[in-house]
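Q: I grabbed these lines from TrEMBL:
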type	residues	note
TRANSMEM	B:7-25	transmembrane segment
TRANSMEM	B:45-78	transmembrane segment
TRANSMEM	B:90-112	transmembrane segment
TRANSMEM	B:139-157	transmembrane segment
TRANSMEM	B:189-211	transmembrane segment
TRANSMEM	B:223-245	transmembrane segment
TRANSMEM	B:252-275	transmembrane segment
Amino acid sequence: MSQSAMKKQALSRFLILAAVLALAAFSNNPYVINLLVVCGLYALPAIGLSLLMGYTGQISLGQSAFVGVGAYGSVLLAQHLQLDPWYSLALATALSAFTAWSLGWLVFRLKGHHLAMATLAIALILHTVLVEWRSVTGGPDGISAIDPISIAGYALLDDLHFLPLAWLVCYAGLCLADYLVRSPFGLAMRTVSENEAVARSLGIDAAQVKRKVMALSGAYAGLGGALYAHWIGYISPEPFSVAFSIKLLLIVALGGVSGVWNVLFGVFIVVIVSEWLKPLGRLDVVIYGLLLIVVMIYCRQGAVAALAGLYRKLPQRLRPGARAGLKLQGRTSA
Amino acid sequence: MTEFAQYLISGLVVGCIYGLIATGFTAVYNATHIVNFAQGESSMLAALCAASLVLAGAPLLLAIAVAVVVVGLVNILVERLAIRRSGTDVTRGIIITIGVGIVLQGLAALVWGTDAQPLPAFSGPGSISAYGVVVPRQALWVLGTTAVVMALLYLFLTRSFLGKAFRACAMNGQAAALMGIPTGLMRSIGFLLSGTVGAVAGVIIAPIALMQYDSGVALGIKGFVACIIGGFGNPIGAALGGLLLGATETLAAGYISSGFKNAIAYVLLLLFLLVRPGGLLGEFGAAKR
């Protein structure tokens, strides 16, 4: 895609996103607005995981740990050093990226199952530390009375006021990730994912690529966690457990790897589905697990690709814009 | 010294359980090259099943036998419905087994609720004391049952025809298939073995450690750590790793801090993965590479 086309695409996506958010904001439905903030905050760590798992092929069950590092890091820095939340946010993001980068030196000596278990162990160790190190983290009760983020002396206490910030950050994150996967570095990432031996033979330092992506993914997760902490005003170890890592895994699996923006699809599905399932009580977990299995068995390229495939199989008269699709097919086959 | 012996004994008892679960991991891994992240759920399911049956008035022995068989069958079903379709992709296999674990755990919470389900001790609640060390009677059952199960498994794998076919499949699935060994059946047998061994572990520890719907997760991870310590896919290593992990964990909990007890297993896991990923005894069938 040419650069001007890319810019046009980014702009149109920005406008669509802004229109959707504005519509939600004007509807003045607190429930919808709250859900949209949650979506924006979920999307950040999910983008990071998509870069690491989708594009670089390195499974991680430890993404929740970096979200936790970001959240607790920002809150502790703000409270102990009397920092403005903006500075603590930036510091916590850097801290999370650095933690991820250092752990990358350790865990990327491993592959496949071993990598999955090592990252799982990291997530479990962090969770244990958050629960047990009471003097610093407040133990299972967590930390409350967290300062909100403020812009020009105006505190973003409301969901409605926080919404633009969350999604602006999310949009910037998406654009950065999109740019990255199209760049030469993105090609290196995909090569590492496809075949490490080939990557090395092309002069790509596979281990370094993985570490860099891990650091970036940690930064996304940390930023998401820090924003979450200052938005909700209270943190405890519970949201940063392995269950959250698995949720992120499902988001990335649903979105697939055909584009960074598909992560948003996964986020919306997961957040909305978990809302729908809430009245079902305990049954929600079961349906959740089944969804994970079915997606993994039947939609190997992600649910977006699967839906697109289904769409192509529809009889022509049911498909708006089918002619354009036909033209496109004709061109690719020629 | 008495204190040390007490910790060591409790550690070995827990270690037996970890070792059994680790053996379950190796059975699945050898047959399918998948690490079953839902391994711990077998133990949980069996313990809860047995507890319900006893509550309904079934004799203890029958309840245990039925629970073990049921869990074995559930495992075969899981392999057929979900895992066989996952193909050879490692990431996909991991996510699918995680999904299976979530489903089983959710179903258990639906059926049994979130309260722990007690199972009576096999021969009364009392304990035996010698030289100042107190051992619950159930602990002896744990040690004895583990020894018997391990011995039977060893005999099965080395002496029986089916066991030899299973090992051949583990070493080289394609070559085994060419020799006429039905590899699909061997996959089922792997899952059956892992399910029954895990179920036995869950049933014998249930009277000591209360079991509830989410107990399987921790057991599964500890079992995996035992595998890594001993050498992945190596059944003897798995048993050894379990004992070592159990002893380390209880000693550390006793002398350092009980709160960080769980983290000790995870730190050990990281240490072994990084320093000696082959484990103490080396990976099973590593020679083939």
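Glycine residues also receive a Cβ, built from the backbone N, Cα and C atoms like all the rest.
Curation plays no part in TrEMBL annotations; they are all automatic predictions.
Each of these features: where is it, how hidden is it, and who are its neighbours?
A: A Cβ distance under 8 Å defines the sequence-distant neighbours of the transmembrane segment (B:139-157), meaning residues of its chain 6+ beyond its ends; these are 9-10, 12-13, 16-17, 19-20, 23, 121-123, 128, 163-164, 166-167, 193, 197, 200, 204-205, 208, 235, 239.
The list of residues near the transmembrane segment (B:252-275) in space but at least 6 beyond its ends in sequence, with Cβ under 8 angstroms from a Cβ of it, reads 3, 7, 218, 221-222, 224-225, 228-229, 245.
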Q: For the transmembrane segment (B:7-25) against the transmembrane segment (B:90-112), do we get 3 or more Cβ-Cβ pairs below 8 Å once near-sequence pairs (under 6 apart) are dropped?
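A: The answer is no, given that the two segments have fewer than 3 Cβ pairs within the 8 Å cut-off.
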Q: Grab the same-chain neighbours of the transmembrane segment (B:223-245) for me: Cβ-Cβ under 8 Å, and only residues 6 or more beyond its ends, written as numbers and ranges.
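A: 12, 15-27, 29-30, 35, 39-40, 146, 150, 153-154, 157, 170, 198, 265-266, 268-269, 272-273, 277-285.
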Q: So which residues does the transmembrane segment (B:45-78) touch in its own chain, when a touch means Cβ under 8 Å and the partner is 6 or more beyond its ends?
A: 38, 100, 104, 108, 111-112, 117-120, 122, 188, 191-192, 194-196, 198-200, 202-203, 205-206, 211-213, 215-216
